[in-house]
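Participant: Straight from Swiss-Prot, here's the annotation block:
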- 22, 180, 181, 182, 183, 191, 221, 222, 223: dUMP binding site (BINDING)
- 160: active site, nucleophile (ACT_SITE)
- 183, 282: (6R)-5,10-methylene-5,6,7,8-tetrahydrofolate binding site (BINDING)
């Protein structure tokens, strides 16, 4: 929690105003932020200086791991975060590749589970990584990336947190996640949860101990219409101790994740928080 607040304060103190062309809104911006999460000791990075809702972030992660391409699929598992980008993003609404209501196109999990090769066949990046790690193999390329510039026009949004690199040292699994852009007041809460949960979950199904998750952000920003709430409300609050995340021990394979696992298989204990803050969202 401390590193999150330090990043927020750094943006407020040192950020440079940049106009975001996609949203048309000014952003207070810094370049390069390195965060890390202690998964080994279950220090779950759920924001405590405002009420945070972790289950939607978990549901979104499950949708990515399943390769979902429709906002309706995400809604069905308890996540509404893709409704706006699928149905209210004007550039995507005008894109001839859009297949209708709720279509997201070839974004995030579609790339992770079905990357198109030059011969027209598809590569399942996630399955390759899970298979290797389950055998104790780390080829220094246990990477799942959603970043495919050749298909950007086929999706509603370029991936923000775009690459996950797993590393195995002995029987301890580590994760380094890379993010090109981060809406810190709103998006980072989700991103922290997902980095932590992804390492914990993959370690569990591959039979390893989780170590640390490292989270590297390039462009970290606060939108102009979020600044007052962050500076004058959230940053004035004292954080509470970190809660813990408990994952259903019956989740033992990628097939389990694909078929029956839900957000309710992830439980948080010891969570104390301040009142909610309703930050505006830029589509």
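The chain as shown is numbered from 1 upward.
From the backbone N, Cα and C atoms, a Cβ is placed for every residue, glycine too.
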Participant: Could you tell me the maximum Cα-Cα distance in Å between the residues recorded as binding dUMP, namely 22, 180, 181, 182, 183, 191, 221, 222, 223, rounded to a whole number?
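Facilitator: Farthest Cα pair among residues binding dUMP: 21 Å.
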Participant: Provide, as an integer number of angstrom, the distance between the C-alpha atoms of residue 160 (active site, nucleophile) and residue 181 (dUMP binding site).
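Facilitator: With distance taken Cα to Cα, residue 181 (dUMP binding site) is 5 Å from residue 160 (active site, nucleophile).
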Participant: Would you pick out, from the binding-site residues 22, 221, the residue whose Cβ has the largest number of other Cβ atoms within 10 Å?
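Facilitator: Answer by Cβ density within 10 Å: 221.
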Participant: Given residue 181 (dUMP binding site) and residue 282 ((6R)-5,10-methylene-5,6,7,8-tetrahydrofolate binding site), what distance in Å do their CA atoms have, once rounded to a whole number?
Facilitator: 13
Participant: Once the DSSP letters are reduced so that anything not helix or strand counts as coil, what is residue 22 (dUMP binding site)?
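Facilitator: It is coil.
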Participant: Over all shown protein chains, what is the count of other CB atoms within 10 A of the CB belonging to residue 183 (dUMP binding site)?
Facilitator: 23
Participant: Sorry to bug you, but what's the C-alpha spacing from residue 223 (dUMP binding site) to residue 282 ((6R)-5,10-methylene-5,6,7,8-tetrahydrofolate binding site), rounded to the closest Å?
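Facilitator: Computed Cα spacing between residue 282 ((6R)-5,10-methylene-5,6,7,8-tetrahydrofolate binding site) and residue 223 (dUMP binding site) is 8 Å.
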Participant: Which residues in the same chain, at least 6 apart in sequence, have a Cβ under 8 Å from the Cβ of residue 223 (dUMP binding site)?
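Facilitator: 20, 23, 25, 26, 27, 28, 183, 185, 280, 282 - these are the non-local Cβ neighbours of residue 223 (dUMP binding site), listed in sequence order.
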